[in-house]
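Asks: One structure follows; several queries about it will come next.
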Amino acid sequence: MVLAKSCKLVPVMIMNIILYRRRFAPHKYLVVAMVTAGITMFMFSGKERPSKGSNELPSQSPYAPLIGIAYVLVDIFLDGAVNSTQDEIFLRYKVTGQQMMFWMNVFGALLNLILGILPLPYIPVLHPSSDARSELASALAFVREHPSIVVPLLQFSLTSALGQLFIFETLQHFGSLTL
């Protein structure tokens, strides 16, 4: 998973080419290939190997690794699609990084609020307990039971917003491939 997410340049470039027929300078293809090869060599050159049953679940399906790989592949290609679409929005509509960040966060917050309020069905992988409360009610109950978490939550929110400012400014001025 770490290797796949570290080699995000490849799906970003592929999705830019497929979705928006964008072409890159020849040296950029070389840079993407070299960075991807370098990350791959670094990841596989370590002497430490994870021990075989250290973090395996006792009743793990034999298809679990394949399902995990499928999830990672879907994730990185959707990530590439989002990044290439953001590039296209910056080019076509001349929005700023702050505007893009604001509207993405507004839509993300609305989606999370809707999903947090709706009582979702009991799915063991997503919801470890069969509690009938909504996700929002469960989260608020957790904060009430553990009030000391409020300050770290606010700190995390502030640093996350600051990090997003840098990410969206980089996207606006240099594009997703550089990011």
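Placement of Cβ uses the backbone N, Cα and C atoms for every residue, glycine included.
Grabbed the feature section from TrEMBL, which reads as follows:
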{"type": "TRANSMEM", "residues": "29-46", "note": "transmembrane segment"}
{"type": "TRANSMEM", "residues": "66-82", "note": "transmembrane segment"}
{"type": "TRANSMEM", "residues": "102-123", "note": "transmembrane segment"}
{"type": "TRANSMEM", "residues": "149-168", "note": "transmembrane segment"}
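Could you place the listed features in the three-dimensional structure?
Replies: Taking Cβ pairs closer than 8 Å, the transmembrane segment (29-46) reaches residues 2-3, 6-7, 9-10, 13, 177 in its own chain, all 6 or more past its ends.
Within the chain, the transmembrane segment (66-82) has long-range Cβ neighbours (under 8 A, six or more residues past its boundaries) at 1, 4-5, 7-8, 10-16, 19.
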